[in-house]
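J.: Dumping the structure here so I can ask a few things about it.
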Amino acid sequence: MPIIEIDGKPIDVAPGTTIMEAAQALGIYIPFFCYHPKLSVAANCRMCLVDVEKAPKPLPACATPVADGMKVSTASRKAKMAQQGVLEFLLINHPLDCPICDQGGECPLQDITMGFANPHSQYTEEKRVVEDKDIGPLIATEMTRCIQCTRCVRFGQEIGGIMELGATGRGERMAIGTYVAQAVRSELSGNMIDLCPVGALTSKPFRFTARNWELKHTPGICPHCSTGCHIDIQSRGREVMRVLPRPAEAVNEEWICDKGRFAYAGLAADDRVTQPLLRVDGEWREVSWAEALDATVGGIEHLLREHGAQQLGGLISARASVEELFLFQGLLRGIGSPHVDHRLTQQDFRADAAMPLYPALNMALEDLEREPVILLCHGFPRNEQPLTNHRLRKAVLAGGQIFVLAEQQRDFNYPVTQIVAGAGADVALYERLCRYLEQPEAIAELQGDTVLVRAAQALRAADNPVILVGSGALRHPRAAELLYWIGQVAALAGGRLSWLGEGANSAGAWIAGCIPHRLPGGAASPQQGLPAGAMWASGLKGYVLMDCEPTLDCWDGAAAEHALCAAELVISIGCFSREAQRYAHVILPAVAFGEGAGRYINNEGREQPFRAAVRAAGEARPGWKILRVLGHSLGVEDFAFMELEEVTRAWQRAVGEFPLDVTPLAPFPHCASGAHTAAPLLRMGEWPLYRSDPLVRRSAPLAQQAVARLHPEQAAALQLHPGVVEITTATGKALLPLVLDRKIPMGAVWVPMGFPETRDLGPAMGPCAIASAPTVAAAALAAV
Amino acid sequence: MLSEQALTEIARERAKYPEDRAQSALLAALRIAQEDQGFLATEVMDYVAHLLGIEPIRAYEVATFYSMYDLQPVGRHKICVCGSVSCFLRGSDQILAHLEEQLGIKVGETTPDGLFTLREVECLGACLGAPMMQVGDRYYENLTKDRVDSILAALREGGDDVG
Ligand code: SF4
Ligand code: SF4
Ligand code: FES
Ligand code: FES
C-alpha cells in the first residue's frame, strides 16, 4: 500500500487512489470543478492542480494516481500560483453576472474564486459570448457562463444513458449544447442542474424565484414511485420552492428523476382545495369543517342504515402514508365494510390469495447492480421506477444481461433483449419460455424462437437468476395467468422472484391491510371484500376516496365515473377538486406534498419517515386527522389518537416486524385463460411518465400531450395519416393526434391513461376502433 | 442517403475496430460521407451516427472540431489559410486579407460563382514553408501576394491542382 504525504500529513491508501481521493480522506480540501465522484475523470478544468515534489509542473489531483513516497502540497507557492492562474483563465470568458444569476450563493465558481483567486485580473479584452440553447421546459441555459467542465455531458453519457448534450466546436469556439435544437429527453435530466458548477444550467421552474440562503431545508421522501428517493424540500414561508435530491447512497445515491424534482409545481394548480366543499342542490359551496364533517358523518350513517356497510367501498392511493393507510382500512372495517383497496390500476385479482405479504424487491437496491441475469416480466422501470431503473442500467453496464418479456417494445436506456408479443399473445411468451426451460434437449430443434431460447439458456446457466415482476405484470388484464407462468419460470430456472412496486407506499399499503383480503400484518380478512375493479362493477351506493382521482387513476376510468356518478354518497379526501367535482358530494381538503408527516415503506421494505416542510394550505388537514375524526364520530373503537406517533405505534403493534424477503403465500393458481379479446384493433394503454398521479399531472413544466401511437404499417393498412384520429370504444370517444411508432405491435393502438381526454375510453386494454377524425372536430382540436 | 461505394467503405472502416468501439470509425466514416456528399449536412451526420450505432451528438462533436469537415456547402476550391503561430509570424494575416480582397468575400464565405470558399485553419504541419495554405489536397507554401494571385488565376482557368 503506497504511503503518501499531503501537506505534511501521511496517509496509507490503496494503489490506484488519486491524490484527490486521498486528500478527501484526510479532510484536506482541494478546489475542483470537473471532478465528480460518480463520473469519469475528465481532468479538463485544471482547478485541482497541486504541487507534487519532484514533478516539474503542478499535477491535476483528480487524475493523478498516488505513488509510494509521493509528497504533495496543496498550498505551496507553486500550487497557489497554479490555482490563481487557472481561475484567471476561467474568468476571462465568464460574464461575472452573479447578481442576476440563479446559481449565486450556491456556486462553486463563486466560492472558489473568493477562496483562491488573485483579486486582480489582467484581462482587458473582449469576452466571448455563447448563444443560449432551448433544451426544454426544465433546464434554463445561460451558456456564456459555462466553463466547459463537461460534467453535464458526462452525466448524459454515463448516468442518464442517453447522450444529448455534447461539446461542439473547438478551442475558443467550443460550446456545450445539443447542436440541433431539441429538448433533452432524459428522465434524469434535472440532475445536470445540480451538477453544473456554475449558472449555465439552472432550473427553469425555480428560476428567479428565490435565493438559496432564503430557503429552509426539510428532509423528505419522494412520493412518486416505489424507489423512495431521499429529497430535500426547500421552502420559503408557506411555499415549497423546489425539490432537490438528498444524498442516500443506498437508495438514490445522489440523484432524483425529473418527476420527483418538478412535480411540486403541481401544488400551484388552480383547483387546489383549501376549504371543505359541499355539494348543495348541485352547487358547490365552501363550508366550515364542522359542516363538512356533519355532512360526511351524517351521509355515511344514513347509508349504513339504509343499505348496510356492504354498500360502502374505500379506495386510497399508494402515496398515502402508512398511518393513513392503517387508519383508512380501520375506518372502513370498523364500520363494517370489507371493501378497501389501493390497487387502482389493476384489473385481475384472481391471484390475490397467493400474493406475498407485499411486493418486495427482496434485496437491496444496491444488490440489483450486481445481478448477472435478470428476467424482467412486463414492466418499464424507466417510467415506473426511474431510479430503480438506474440500478438495472448499472447491472447491464457491469456485464449483466437483462431479458424483457412484454407486450410492446420500449425505449430502454441500456441494452436489453426485448422479447415481445402483441397484447393477447404475450401470456403465451411465458408458456413457451417454460417449455424451453423444461426441455433443454429439445431446444435445438425449435425454430423461429431464437431469442426466447437464448433467454432460456441464460436463465438455466445462471445461478439463482432474478425473475423481476414489473408493475406492468400486475396491471395486466390477465395478471393472474401471467403470475402463474412467472412462478413456473422461476421454479424451472431455479430463480427467485422479485417485485417492482408501483406506488411510493405500495409496500406499506399491503402491509397495512389496504387490500380486500388481508388485515394489517397480512392475516386473512375474515370477510373478503371487493377489490378495486369489482367495486365499480358492483355499483356500490357509497364510496370514500382518499388522495385519488379514480376517473384518471383507475384501470377503467369510464366504469369508475359511471359507478361514482350513480352512487348516493361519494366522499373525496384530497388536494384537488377538478375531477372530484364531477362525482363527489363532499370534498375534504387534505394536506398536499410537503405539508404532511408520516412514513413510507419503499420497494426494499425500508421504512422511511418524513415530516412536514411547510404549513398546510388554508384549511387543509393531515389525512390521518381527517380519518381519525371520521372514525371517532362514527363510533369506531380505538380511534382516539391525539398524535401521529400514537397512530404509528398502533400500526406497529398491529403489524409487528415485517420481513424484508417475502415469498408467495401459496403457489400461484393455474387460472383459466381469460377470454382473449379477438378484436381487430386493441387499445393498449399505460400511464405516461408524468401522468401517474394527481400532483404530477398538474405540474406545468412536466406537461405531456395525449397522443395515439400506431405502427406505421398498421397506420398504412388502416389508411391513416399523421393528423388527428378518433378512437372509439364501447364507452366513449377521444380525438387525439396520431404519432407513428414502430414500437407498437400490429393490431394495437397505444392510447395513454391519466388524461381527461381519454377518460371515457374505459379499460386500459380493450377493443376499439380508429378513424380519421371528422374534419370539423379535428379543426376544433387544432384550435385548442 | 450515401452511395453504395461509400457504404462499403464505411463498413470496411467499421470492421477495423472491436465490436464495442464503433466510435473509433467515426473520423473515417465522416470523411467518406463528406467525399460522397460534398459536405456534412445534419441529416448526413445523423445517418453516419445511425450506421455506427452511436448518438448523433457524437458525430456533431467530431465534425465541428476538425476544420476539414464542412458543415455547409463549399465552393469548388476550398482555400484553407493557416493562421497559427509560424504562419502568423510570416504574415499569414496579410495573405488572408489579400485573398479576401481578391475574392471579394470574408473568411468563412463562398464566392457567388461557387468557385471559392475561404477558411482560416489551425497549423497544417507545414511551418517550414510558412505562410502557407491548402487548396483541395494540395499545399502551397512560402506564399506572397503575387504567388496567391497566380494560383487564383490558374484555378480560375479550370485547373484543380496548379503549382
Ligand atoms: S453547462 Fe455547466 S456542467 Fe455543462 S460543461 Fe458547462 S459548466 Fe460544466
Ligand atoms: S425515482 Fe421514484 S422515488 Fe425517485 S425521484 Fe423519481 S419518482 Fe421519486
Ligand atoms: S477537477 Fe481536476 S482537472 Fe478539473
Ligand atoms: S503554423 Fe502554419 S503550418 Fe504550422
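Cβ atoms here come from the backbone N, Cα and C positions, even for glycine.
TrEMBL lists these features:
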- B:Cys82, B:Cys87, B:Cys123, B:Cys127: [2Fe-2S] cluster binding site (BINDING)
J.: Around B:Cys82 ([2Fe-2S] cluster binding site), how many other C-beta atoms are within 10 angstroms of its C-beta?
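T.: Its Cβ shell of radius 10 Å holds 30 other Cβ atoms.
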J.: Please list residues from the chain of B:Cys123 ([2Fe-2S] cluster binding site) whose Cβ is under 8 angstroms from its Cβ, counting only those at least six apart in sequence.
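T.: For B:Cys123 ([2Fe-2S] cluster binding site), the qualifying residues are B:Cys82, B:Ser84, B:Val85, B:Ser86, B:Cys87.
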J.: Which Cβ among the binding-site residues (B:Cys87, B:Cys127) has the fewest C-beta neighbours inside 10 Å?
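T.: Comparing Cβ neighbour counts within 10 Å for the binding-site residues B:Cys87, B:Cys127 gives B:Cys127.
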J.: Using the Cβ centroid of B:Cys82, B:Cys87, B:Cys123, B:Cys127 as the reference point for the [2Fe-2S] cluster site, which residues of the same chain not in that list have Cβ within 8 Å?
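T.: For the [2Fe-2S] cluster site the neighbour list reads B:Gly83, B:Ser84, B:Val85, B:Ser86, B:Phe88, B:Ser92, B:Glu122, B:Leu124, B:Gly125, B:Ala126, B:Ala130, B:Pro131, B:Met132.
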J.: Helix, strand or coil for B:Cys82 ([2Fe-2S] cluster binding site)? Use DSSP.
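T.: Reduced to three states, the DSSP call for B:Cys82 ([2Fe-2S] cluster binding site) is strand.
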J.: Let me know the DSSP-derived helix, strand or coil state of B:Cys127 ([2Fe-2S] cluster binding site), please.
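T.: Note: B:Cys127 ([2Fe-2S] cluster binding site) is helical by DSSP.
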